[in-house]
Amino acid sequence: MPRLDDHLWRGPCAKGTKHRSHPRASARGLVAKAGEMINSSGSGPSLLAAHGALGTDPAHGPQSAGVGGQGSSSHVNSWHHHLVQRSLVLFSVGVVLALVLNLLQVQRNVTLFPDEVIATIFSSAWWVPPCCGTAAAVVGLLYPCIDSHLGEPHKFKREWASVMRCVAVFVGINHASAKLDFANNVQLSLTLAALSLGLWWTFDRSRSGLGLGITIAFLATLITQLLVYNGVYQYTSPDFLYIRSWLPCIFFSGGVTVGNIGRQLAMGVPEKPHSD
C-alpha cells in the first residue's frame, strides 16, 4: 500500500523541480535566439554578396547585352533608312533642277552642244540630270554632316517655306544669267555674285555654308572647264577659260540652295550611332 506521506512529499518537490527547470529552459532559449541573431547578422553580407553575384551573373549578362544590341541594331537600321530616303529626295531635286535650268540655258543659246556630240551617246545631254542629281545628293548630305561635325547646328530659318523661297531665288538668279544683257560680262558677273551672296545671307548665314558654297563653286567650275575643254559642250561668248565668268556664282547659289534642302530633310532624323 503506497504511503501517503511519500506522495505528498514528492508532489511539491516535483513541482519545484519543474518550476526550477523551466527558467533554465527559457534561459537556454534566449541564448539560442541570441546565437541565431548573431549568425543571421554575420550571414547578411554574404547573402548580399550572393545576391550581387546573382545580379552580375554572366548568365544574365548576355541577356542584357542582347537587349542593348537589339536596340542599337534597330537604331542603325532607322538611321540608314532615313539616309536612303534623304538621298533619293535630294537626287530627285537635283534632276528636276538640272532639267529646268539646262532647258533654260539651251533656249537662251547660252549652252551649245556640237553636232558630233549630239550624234553620240551624249544626245540631248541625258547625262547632265543624273550627274546633277548625284551632286545634289552628295552636297545635301554633306551640309548637315559638316554642321554636326563642327557642333554648330543650323537653326536660321528652318522651315520649308524658307527653303522654297530659296529655291525660287536660285532659279531667278539662273534665269537672270541667261536673260539679262549687260554692257560687258564683268558687270553681269558682279551682279550675279552680289545676288548669290545675298541668297546666302538671307537663307543661310553660316560659316560652314559659306565655306562649302565656295568649295562647291570652285570644284564644279573646274569640272565644267574640263568638260568644255574636251568638247563635250561649249558656252557662247566664253570670257573665262572656255566658260562664262558668272558660272561660279550659279554653282555657289546652287550649293547653298541644295544645302538648305538637305538641312531641312535632316531635321528630326536620329543621330548616327557611335560604336565604342
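Any Cβ shown, glycine's included, is placed from N, Cα and C.
Per Swiss-Prot, the features are as follows:
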- 1-26: region 'Disordered' (REGION)
- 16-25: compositional bias 'Basic residues' (COMPBIAS)
- 49-73: region 'Disordered' (REGION)
- 84-106: transmembrane segment (TRANSMEM)
- 107-125: topological domain 'Extracellular' (TOPO_DOM)
- 126-143: transmembrane segment (TRANSMEM)
- Lys155: ubiquitin cross-link (CROSSLNK)
- Lys157: ubiquitin cross-link (CROSSLNK)
- 159-181: transmembrane segment (TRANSMEM)
- Phe170: site 'Required for the recognition of 25-hydroxycholesterol' (SITE)
- 185-203: transmembrane segment (TRANSMEM)
- Ser206: phosphoserine (MOD_RES)
- 209-230: transmembrane segment (TRANSMEM)
- 231-244: topological domain 'Extracellular' (TOPO_DOM)
- 245-262: transmembrane segment (TRANSMEM)
- 270-276: motif 'KxHxx' (MOTIF)
For Phe170 (site 'Required for the recognition of 25-hydroxycholesterol'): intrachain residues, at least 6 apart, with Cβ closer than 8 Å: Leu97, Leu199, Ser253, Gly254, Val256, Thr257
Intrachain residues whose Cβ lies under 8 Å of the transmembrane segment (245-262), provided they are six or more past its termini: 86, 89-90, 93-94, 97, 136, 139-144, 162-163, 166-167, 169-170, 173-174, 177, 185-186, 188-189, 192-193, 195-196, 199-200, 203-204, 209, 212-214, 216-218, 220-221, 224, 235, 239
Segment proximity, the transmembrane segment (126-143) to the transmembrane segment (209-230), 3 or more C-beta pairs under 8 Å: yes
CB contacts for the residue listed as 'phosphoserine' [other CB atoms within 10 A, all chains]: 22
